[in-house]
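Engineer: Quick paste from Swiss-Prot:
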- SER205: active site (ACT_SITE)
- ASP409: active site (ACT_SITE)
- HIS488: active site (ACT_SITE)
- ASN55: N-linked glycosylation site (CARBOHYD)
- ASN63: N-linked glycosylation site (CARBOHYD)
- ASN89: N-linked glycosylation site (CARBOHYD)
- ASN149: N-linked glycosylation site (CARBOHYD)
- ASN264: N-linked glycosylation site (CARBOHYD)
- ASN353: N-linked glycosylation site (CARBOHYD)
- ASN399: N-linked glycosylation site (CARBOHYD)
- ASN415: N-linked glycosylation site (CARBOHYD)
- ASN423: N-linked glycosylation site (CARBOHYD)
- 1-18: signal peptide (SIGNAL)
Amino acid sequence: MRITSAIASLLLVGTATSLQNPHRRAVPPPLTHRSVASRAVPVERRSNDFEYLTNKTARFLVNGTSIPEVDFDVGESYAGLLPNTPTGNSSLFFWFFPSQNPDASDEITIWLNGGPGCSSLDGLLQENGPFLWQPGTYKPVPNPYSWTNLTNVVYIDQPAGTGFSPGPSTVNDEEDVAAQFNSWFKHFVDTFDLHGRKVYITGESYAGMYVPYIADAMLNEEDTTYFNLKGIQINDPSINSDSVMMYSPAVRHLNHYNNIFRLNSTFLSYINGKADKCGYNAFLDKAITYPPPTPFPTAPEITEDCQVWDEVVMAAYDINPCFNYYHLIDFCPYLWDVLGFPSLGFGPDNYFNRSDVQKILHVPPTDYSVCSETVIFANGDGSDPSSWGPLPSVIERTNNTIIGHGWLDYLLFLNGSLATIQNMTWNGKQGFQSPPVEPLFVPYHYGLAELYWGDEPDPYNLDAGAGYLGTAHTERGLTFSSVYLSGHEIPQYVPGALTASWSSCLVELIVFPRRGTTPLNFS
């Protein structure tokens, strides 16, 4: 089946009632105003019986009641530096949060941010950690949608030179990254006695390079004592060339969202003409068909005259000086941000650059920045995009891979991910054989009822959205999930959708949901 408009492949929801508000289909009409008596609450982690506290781990223990600015007990966690030797010559910083979920006793989940050179503490503090301090908020708050409610999670700054991990970097390509990471991971497993645990690797953005290469190296070890890999998830990932991920989809995406961009008709005519002339639209029309075409089209070259993404972004700044390509619906003023990312307005300080924060995390005085100015790859990343290399093999060997993408990301585009998938061959076939249009449903929860009646939920961020939030399509061990209202960081913008998605990966089945998307209480 051919779909001539690239965006159209995800606009089709495939239901007879598509004109009905999809967010209300599963909601019965209210009868009377009633209070919600029973409510789920965020996990309160106040036990002194720390499961992972041993003589080996005591030096990493973080006092969960003394984290600066955090006025609640974060519970058991461990942070510090472990060596990445023998393949590396430095150490990597980690912050490990055990879960109170009894179903998580035999697994460990790894979270990696991208960059290259961006700290995974960004993911912890503003996306899926047990406490959040997101842009525009006054102070840290508990995160009812923390992934630690589902599983044990470790956030790692890697490669060396990223975040709290001391440099200089000595990696030249993704094979070096994987070798140094897996050397570090063996030290981590030995320290916390995690031998034989099921391992899941997750991340976003440039982690679309990191995760498949690390996963491939783990599987190649054939050593389930340390590398019992069971699945991966990569969101808004860098998995192909810039031509496919950024430039070919840029103008089609602008057209779809120009009610937000509000660029004038003269510019639209000019930039659409350039996209046609450069071959971007023709490439998408051929690439995003189901099943994929044979032969598959070659992505256009990015010449000096074909840098359409750059021109769109420059024009967007003229209309909206606070345009944020990580989340294209941001407007002025910038939200102040303790990290300065992904909101572009810096706050009064850099939280992780504070000496009291660094002391409690057991790191030496460090000039921390969320995305390091240190060069990670001195001569550029020498590896091919992961979709050309290890990603298809990882899909085949785990049969449990999720690629997620937010529609409101204007840096790496969902149609870039789709075009990439259609050019990959795994488990005997190339690409998806049918369009990825099945709706992703996230269950409703009590907090939304409080909002309906005008009550103030407690805590407010409990009220992540519910209903039909995107699409989720699975073929031959690969799931592609799109999220309508998310930018580059899905756990930050639409936590319920990402929690549902990751919950499915943990049981090696793509079923929505498994452990739930409402706040969990295992106490």
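Glycine residues also receive a Cβ, built from the backbone N, Cα and C atoms like all the rest.
Buried or exposed, and what's around them? Tell me for each listed feature.
Structural biologist: For SER205 (active site), the count of additional Cβ atoms within 10 Å of its Cβ stands at 24 [all protein chains shown]. When secondary structure is read from DSSP and collapsed to three states, SER205 (active site) falls in the coil class.
Neighbour density for ASP409 (active site): within 10 A of its CB lie 27 other CB atoms from the protein chains shown.
A 10 Å cutoff on Cβ-Cβ distances gives HIS488 (active site) a total of 24 other Cβ atoms nearby, all chains included.
In this structure, ASN55 (N-linked glycosylation site) belongs to neither helix nor strand by DSSP; it is coil.
Around ASN63 (N-linked glycosylation site), a 10 Å sphere centred on its CB holds 10 further CB atoms from the protein chains shown.
Using a 10 Å radius centred on the Cβ of ASN89 (N-linked glycosylation site) and all shown protein chains, the other Cβ atoms total 12.
The number of other Cβ atoms within 10 Å of the Cβ belonging to ASN149 (N-linked glycosylation site), over all protein chains shown, comes to 26.
Annotation for ASN264 (N-linked glycosylation site): no spatial neighbours, criterion Cβ-Cβ under 8 Å with sequence separation of six or more.
Mapped onto three states, the DSSP output places ASN353 (N-linked glycosylation site) in helix.
The DSSP secondary structure for ASN399 (N-linked glycosylation site) is coil.
Mapped onto three states, the DSSP output places ASN415 (N-linked glycosylation site) in helix.
Residue density at ASN423 (N-linked glycosylation site): 20 other Cβ atoms are found within 10 A of its Cβ, drawing on all protein chains shown. ASN423 (N-linked glycosylation site) falls within neither a helix nor a strand when secondary structure is assigned with DSSP, and so counts as coil.
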Engineer: Check the Cα-Cα distances from ASN399 (N-linked glycosylation site) to the recorded positions ASN63, ASN353, ASP409, ASN415, ASN423 and tell me which is shortest.
Structural biologist: ASN423
Engineer: Given the recorded positions ASN63, SER205, ASP409, state which is nearest to ASN149 (N-linked glycosylation site) when distance is taken between Cα atoms.
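Structural biologist: In terms of Cα distance, ASN149 (N-linked glycosylation site) lies closest to ASN63.
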Engineer: Which has the fewest other Cβ atoms within 10 Å: ASN399, ASN415, the glycosylation sites listed?
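Structural biologist: Taking ASN399, ASN415 as the glycosylation sites, the minimal 10 Å Cβ count falls on ASN399.
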Engineer: Looking at the glycosylation sites ASN55, ASN353, which one has the fewest other Cβ atoms within 10 Å of its own Cβ?
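Structural biologist: Among the glycosylation sites ASN55, ASN353, the lowest count of other Cβ atoms within 10 Å belongs to ASN55.
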Engineer: Distance between ASN63 (N-linked glycosylation site) and SER205 (active site) at the Cα atoms, whole Å?
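Structural biologist: ASN63 (N-linked glycosylation site) to SER205 (active site), Cα-Cα distance: 31 Å.
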